[in-house]
Amino acid sequence: MAGFCSLLVLLVFQSSCLGFRSPLSVFKRFKETTRSFSNECLGTTRPVIPVDSSDFALDIRMPGVTPKQSDTYFCMSMHLPMDEEAFVIDFKPHASMDTVHHMLLFGCNMPASTENYWFCDEGTCTDKANILYAWARNAPPTRLPKGVGFRVGGETGSKYFVLQVHYGDISAFRDNHKDCSGVSLHLTRLPQPLIAGMYLMMSVDTVIPAGEKVVNSDISCHYKKYPMHVFAYRVHTHHLGKVVSGYRVRNGQWTLIGHQSPQLPQAFYPVENPVDVSFGDILAARCVFTGEGRTEATHIGGTSSDEMCNLYIMYYMEAKHAVSFMTCTQNIAPDLFRTIPPEANIPIPVKSDMVMMHGHHKETVNKDKTSLLQQPKREEVLEQGDFYSLLSKLLGEREDVVHVHKYNPTEKAESESDLVAEIANVVQKKDLGQSGARESAEHERDNALLVRDRIHKFHRLASTLRPAESRVLSLQQPLPGEGTWEPEHTGDFHVEEALDWPGVYLLPGQVSGMALDPTNNLVIFHRGDHVWDGNSFDSKFIYQQRGLGPIEQDTILVIDPNNAAVLQSSGKNLFYLPHGLSIDKAGNYWVTDVALHQVFKLNANNKEAPLLILGKSMQPGSDQNHFCQPTDVAVDPDTGTIYVSDGYCNSRIVQFSPSGKFITQWGEESTESNPKPGQFSVPHSLALVPHLGQLCVADRENGRIQCFKTDTKEFVREIKHASFGRNVFAISYIPGLLFAVNGKPYFEDQEPVQGFVMNFSSGEIIDVFKPVRKYFDMPHDITASEDGTVYVGDAHTNTVWKFTSTEKMEHRSVKKAGIEVQEIKADYEHKLEGSSGRVLGRLRGKGSGGLNLGNFFASRKGYSRKGFDRLSTEGSDQEKDDDGSESEEEYSAPLPVPAPSS
């Protein structure tokens, strides 16, 4: 045994393996040295094998199993034997296709079972399961390029490896021998500058008619993430597949990623030429099948007589943008395939010494379909757990579906169509009541059987899932009088757009205000079909369009932060020109309306009847009972004190008691080019810093931020940078950091419109950010949560963006008005994608506790969100008219007549 281990290490980690070599170049040698484990178990008793001071090997093997039934899936797990971060740089399989149909290696934080091994029907992982490696058909080892690795361990990587082995036909186990198939990994502790990931393209609804000579299965999706660099690919079908091809399509030009026969060893083959994939490209793939020799139609599934159409694309990305897994399951551009290169339909010549015999994997021609009709119909509730393993089982073979990241969005109608919607579509297409069903009675029965089979699998597996638990700890704040503190931000902090977040396609009216509620949902305040333009006010700031009546649409939208679904909406027939929005720690909404010249407090559960109204309707003024176009509100979380920035035609901050009684005011209009402390030119946005007793004001037209003591109103400091330009529109505070957005540059000014991240203690800018999709035109409000997620709303493009940080943050959230919360999530990993569990989040719904499968399948035929149909607006930026019309613009600077708008 010791000699074998030495030989194993020598084979896996010999120094000559410095590049990614073609599997075909080593196939003959590998075929000669490969040993079948049918007769004896050769798994090492040393799962951790030191290689040198920085590297080690893990031997992950089945612990001597004997499957008793064909198409058995066994799983086993291994804990990463270290806490610090490591990188997988090499895979060496130990299996033979005589006994194993395929193997998958997943990474996750908690396996579905603590047993030595278990049936995978019980689940793979209790959290997300990311695929790291796939093997089939005696494929040789895989080594990644230098400097590239799959990240595991540490604060962000997987803590466990889960090996899944699919035993297809069990004829080889007639002697009841023990199987120890598995894979050896080479890991290094040395940081890798490039992080590997996998992009899976797969068909979920291909049907291959019996006797059909050529059947094409096409897949295509838009790529909407940061650039990835493809270095290897792997194709996978079953017996009927002839050739699989993958391409990047850019500006109508097809660039080959890979073109291979699935009847050759199903290894990862290196791309012939480097291929980069950027935002806006299309990824396209085609599988070519034949139905000759079959007596009935063949569908996608996991048994040896079903079929698969999979293209695995292995890529690397820069570490700060890394996404570990992405998927494409539909064909968004079927017409595109009219111009696919002819090579895609030309089978790969296979030499006789390269042909992989199917061994014991015989086709099952006669299926016992009647037994499926007799399965009891039952409805389960799907809760959070090994959801992605469940989906893969629903589709047949488990390597189809793995965790879809949020970077990640996911991703979901192209990048935004989620996997679940696609599966629902599969079932709906095969529904007996759907138009376009096969006219043949035999085909109708086949389709009905397929649907029932899949739904039965879904129901049976759903009942095995368990909800993932989340831990919450208490965050204690200093008590009044015990001193104050301000967290000093250290280390790099960078935010970038969450490209998979579909909120940019909501397209409400002019977005004027945003905040986060106590459950961390995003709340948007918008103007519906009303706009603020040059005709809105007269020279005395009196609203001139009262004849339009109040806004008839819901002006307050509660948005799921993960998938941008509209959870609630309210506020119709209440407002004329919405502006600011803040949310206090009790969840009450505080909004301002510049046409009404009023401030409203709305109950969190009943927003139709205001709890408190400050100011007189349609009456501008500057005394204790009037406002003039008030802009924002901040509410002290400890005392309930109310602060109002007032506003466009008053240059002051007004303080009220929690009951709305006037207390004091401060500030005056600035008239000089160098305004003094306490002077304002449109105080536009407020941010409380409660533990320091400070209130910060975005002094918009003076292009600066002023901070004051809330008790004495004493000026503390000014934050002003040349890169702000002439405007600072909005600010948001979280412990240690201050976020801001500026305005459009004046003629010949050079400062771009962008967002800023500042160290609050020093005021220094530590990062700037812009969106990738669309552009900032008038970013009107900004709000940030303590995990580093930032939302920006634009009043000209009517768009909301989500930005996420690359730095791990600990606190849960702080609302825009400085409202502090008392919880943080333990072991929370913040990812750049920002949409953790987006597929699961969309399915479960906020606070639903689970998914009723019957209701789910019955309701997925359309997707509407209270007037904002994501599907109808997807891909359309809906920008303002090309003629430069200002009918929907707000003025950037105050003008004498008419009154300026914001």
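In case you wondered, yes, glycine gets a Cβ from its N, Cα and C as well.
TrEMBL records a disulfide bond between Cys108 and Cys125, which is the match among Cys75, Cys125. Reviewing Cys41, Cys75, Cys120, Cys328, the cysteine that TrEMBL connects to Cys221 via a disulfide bond turns out to be Cys328. Annotation in TrEMBL places Cys628 in a disulphide bond whose other cysteine, of Cys649, Cys696, is Cys649. Here TrEMBL annotates a disulfide bond for Cys696; of Cys309, Cys707, the partner residue is Cys707. If you draw a 10 Å sphere around the CB of His238 (Cu(2+) binding site), it holds 27 other CB atoms from the protein chains shown. Here Cys221 (disulfide bond) is compared against the recorded positions His101, Cys180, Arg527, and the shortest C-alpha distance is to His101.
In this structure, the CA atom of Met308 (Cu(2+) binding site) is 9 Å away from the CA atom of Cys287 (disulfide bond). Comparing Cα positions, Cys628 (disulfide bond) lies closest to Tyr648 out of the binding-site residues His102, Leu581, Tyr648, His780. Listed in sequence order, the binding-site residues near His579 (Zn(2+) binding site) (C-alpha within 10 Å of its C-alpha) are Arg527, out of His101, Arg527, Arg700.
With a 10 A radius on its CB, Arg700 (protein binding site) counts 28 other CB atoms from all the protein chains. For the disulfide-bonded residues Cys108, Cys180, Cys221, Cys287, Cys628, counting C-beta atoms within 10 A of each C-beta gives the highest total at Cys287.
Using a 10 angstroms CA-CA radius around His236 (Cu(2+) binding site), the disulfide-bonded residues that qualify from Cys108, Cys287, Cys309, Cys328 are Cys287, Cys309.
Checked against His101 (Cu(2+) binding site) by C-alpha proximity, the recorded positions Cys696, Arg700, Cys707, His780 yield His780 as the nearest.
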